[in-house]
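Feature annotation from TrEMBL assigns domain 'Tetrapyrrole methylase' to 1-219. As annotated by TrEMBL, S-adenosyl-L-methionine binding site applies to Leu9, Asp84, Ile87, Ser112, Ile113, Leu164.
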Amino acid sequence: MLYLIGVGLSNYDVTMEGLEACRRCKQLYAEAYTSNLTEEKLKDLSKILEKEIDQLGRTDLEENAKILINQAAKEDIGLLINGDPLIATTHKTLLMEASASGVGTKVIHSTSILSVSMGESGLDFYRIGPVCTIANWSEHYHPISFYETIKGNMDHNLHSIMLLDYDYERQSTMPIEKVAFILSEAEEHYKKKIISEDTKFLVLNNIGTENGKIKLYTFAKLKTAKIKGMNTIILLAKLSNLEEEWISKIEKA
Ligand SMILES: C[S@@+](CC[C@H](N)C(=O)[O-])C[C@H]1O[C@@H](n2cnc3c(N)ncnc32)[C@H](O)[C@@H]1O
């Protein structure tokens with residue numbers, strides 16, 4: 001059996017069911033390339049469980065998934081995933097591949113950046129539109145289709161949650177000033193204007209952990225923001241009175 005076990009955002013978000021599954025598994029792996037599953041968090045878990053946890057890289061999961069699935073055909077193994085296991089396309093693909101090979105699977109959910117960011121931002125979750133990811137640009141890779149999502153959301157007066165690519169080497173999401181640059185370039189490309197210098201963004205930094213912070217930025221300020229760690233950005237549509245009240249508290253804090 002292949003267990004996908006969500007370990008949530010904070011160091012202590014694994015559910016009782018998750019802990020029980022970890023104990024049952026003959027071998028535990030951790031996926032630390034789509035999100036920040038820190039050494040400290042893994043050490044804590046390993047200590048509680050009195051078990052070793054082996055870290056897997058992108059190729060182990062995406063290209064060599066068959067090796068993992070073959071092992072799960074013979075014994076119970078668990079893959080620890082930051083946040084909720086199913087809020088990442090890679091893990092859905094793995095589940096489907098395992099099922100296609102006749103291997104049993106079980107998903108154990110936990111807190112996710114999606115639920116925590118909606119809750120902590122104080123925004124009405126009915127007013128959050130489709131989510132997008134802003135990928136880190138490299139020399140020959142400039143994806144900007146996310147812009148269609150945020151433009152559609154703005155047209156319907158919905159807020160946009162923008163996840164950012166995780167950079168394993170830096171143990172951090174891509175730099176905020178680069179996000180601002182990509183947003184400007186995307187507007188230029190689509191020849192549209194939904195963002196002005198005064199447009200407001202919430203930056204949720206290491207949210208759901210003991211160092212979590214939320215800060216309001218205008219686009220002008222976002223361009224020079226330097227915020228290390230895990231970041232998610234919300235482009236704000238027009239706020240309701242209640243949302244306005246909550247966000248003004250964030251602003252004062
Ligand atoms: C592919 S998503 C993985 C989501 C994860 N499986 C979950 O359910 O939370 C990874 C992105 O979520 C965002 N993220 C994850 N943890 C975060 C945190 N604690 N604070 C802010 N953003 C976070 C970052 O933008 C990061 O690159």
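Cβ from N, Cα, C; glycine included.
Locations of recorded TrEMBL features on the structure.
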residue: Leu9; record: S-adenosyl-L-methionine binding site; DSSP (3 states): coil
residue: Asp84; record: S-adenosyl-L-methionine binding site; DSSP (3 states): coil
residue: Ser112; record: S-adenosyl-L-methionine binding site; DSSP (3 states): coil
residue: Leu164; record: S-adenosyl-L-methionine binding site; DSSP (3 states): strand
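Put plainly, the binding-site residues Leu9, Asp84, Ile87, Ile113, Leu164 were compared by Cβ crowding within 10 Å, and the winner is Leu9. Counting only same-chain residues six or more apart in sequence, the Cβ atoms lying under 8 angstroms from the Cβ of Ser112 (S-adenosyl-L-methionine binding site) belong to Gly6, Gly8, Leu9, Gly83, Asp84, Ile87. Each residue in the domain 'Tetrapyrrole methylase' (1-219) has a pLDDT score, and their mean in this model is 94.
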